[in-house]
């Protein structure tokens with residue numbers, strides 16, 4: 001689904017770097033309204049091509065006074081007014097509106113961070129469904145404040161410190177909130193977003209997953225020529241499986257799937273995945289054992305970004321070889337490669353503006369976004385690249401992917417390479433990790449809590465620790481366990497296991513996995529950490 005295919009009821013979010021920007025996208029989609037997040041410094045032409053019905057300016061870590069602070073295109077103001085497109089600024093977005101329309105923003109005398117109480121001053125516009133004097137708790141995060149509003153604007157809510165909390169100019173279609181309505185710490189924030197979308201913008205809640213399916217099938221059929229061959233690298237995960245099933249539904253047996261054992265898979269993953277493909281999904285899959293090829297390239301490599309790049313490049317080399325085999329067999333070379341790229345992959349690989357560089361502060365390069373070589377011969381088909389994980393699962397359900405498969409926890413494209421910090425080829429680190437990970441996952445399943453967890457896995461720590469096993473001193477490795485809850489993988493919180501479960505699990509791993517004498521639990525949320533370790 002290309003962004004250009006969305007022509008009505010699109011809410012476009014201009015991202016200025018807030019850690020909460022993706023939540024705005026998710027909250028709006030949860031209301032059955034399609035939303036997209038693009039760079040806050042996007043050109044007016046690229047914005048106009050998307051034909052938005054409403055625009056939201058996100059928050060951000062910058063001050064509008066700072067040199068090089070990101071800003072929307074200069075022509076945007078005239079564009080939205082001429083098209084009657086309502087604009088909502090959130091935090092930094094509000095301050096941009098104030099500054100660019102002739103008001104004044106200054107460093108606040110009192111910074112406002114965390115939970116604050118605001119009081120509604122006027123009930124037209126943003127708070128049309130509230131009463132004057134109504135109070136609500138909101139989440140603030142700003143060091144600057146609007147001290148003089150542009151002509152025609154009015155304050156419609158203030159904080160309990162007297163600072164401007166919400167502004168609007170209904171005649172011109174500009175609105176602003178100095179707090180984050182998208183986070184759960186603003187309990188009535190969704191009410192405000194709903195009112196903005198449905199009452200002010202008059203957008204209809206008409207976005208459905210069936211529409212995405214119909215649109216995707218149409219796009220794939222029109223993109224792929226009647227005789228073109230397409231290949232898809234299946235990882236055994238939800239994303240690539242749903243992508244392959246979708247493309248197969250569109251073009252049938254002209255899709256040729258490839259499952260690559262790169263030596264970085266989980267315990268018995270190859271056998272389990274191939275059995276599922278053949279028994280439940282009926283996809284045409286060729287299995288290639290390329291363990292030695294990948295591991296030889298990774299030998300001695302410790303930098304996580306370099307590992308991701310190497311893995312991405314080797315995958316493409318294998319796809320190219322597979323394409324040549326198909327050419328010899330069928331008389332023609334594949335033209336397209338299907339990837340299960342998701343929206344969070346794109347967001348994390350393409351960071352927000354504000355540093356003077358379009359691709360700085362990259363969180364990580366996904367092998368299907370930033371890890372692909374520039375000279376790749378195959379053209380990409382990425383039917384899921386505008387969807388979040390839960391939306392992919394919903395789409396998979398519609399097209400008949402078995403529910404048990406859809407509930408599988410995410411597994412990273414680079415595999416266990418990002419769960420063994422440092423050189424993955426040393427000793428028997430990978431086998432040790434596989435055994436510990438299998439015990440962890442099976443224990444979760446046996447406890448009946450697998451579906452309550454977004455993602456769980458073990459990490460091999462390349463450090464030696466002192467222990468006592470069998471009345472003898474040991475000098476062995478440690479295993480870290482990671483389990484998180486999430487809705488979309490963009491933010492996550494650690495799962496709070498029962499202590500007896502952890503005690504039993506630790507004992508089991510130390511007793512059954514040779515070379516491990518210590519088990520640690522990762523209790524870090526995202527942010528500040530990522531879900532994966534590398």
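All positions are counted from 1 along the displayed chain.
Cβ coordinates are placed from backbone N, Cα and C, and glycine is handled just like the others.
For reference, TrEMBL has these:
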{"type": "DOMAIN", "residues": "207-408", "note": "domain 'GMPS ATP-PPase'"}
{"type": "BINDING", "residues": "235, 236, 237, 238, 239, 240, 241", "note": "ATP binding site"}
Query - Lowest local Cβ density (other Cβ within 10 Å) among binding-site residues: 237, 238, 239, 241 - result: 237
Query - Extra residues within 8 Å (Cβ to Cβ centroid of 235, 236, 237, 238, 239, 240, 241), ATP - result: 234, 242, 243, 340, 408, 411
Query raised in the report: How does the model score the domain 'GMPS ATP-PPase' (207-408) in terms of mean pLDDT?
Result: 85
Query - Cβ contacts of residue 240 (ATP binding site) (under 8 Å, same chain, 6 or more positions away) - result: 232, 233, 234, 338, 339, 340
Report summary line: Around the Cβ of residue 236 (ATP binding site), other Cβ atoms found within 10 Å total 20
Report task. Specify the count of other C-beta atoms within 10 Å of the C-beta of residue 235 (ATP binding site). Result -> 22
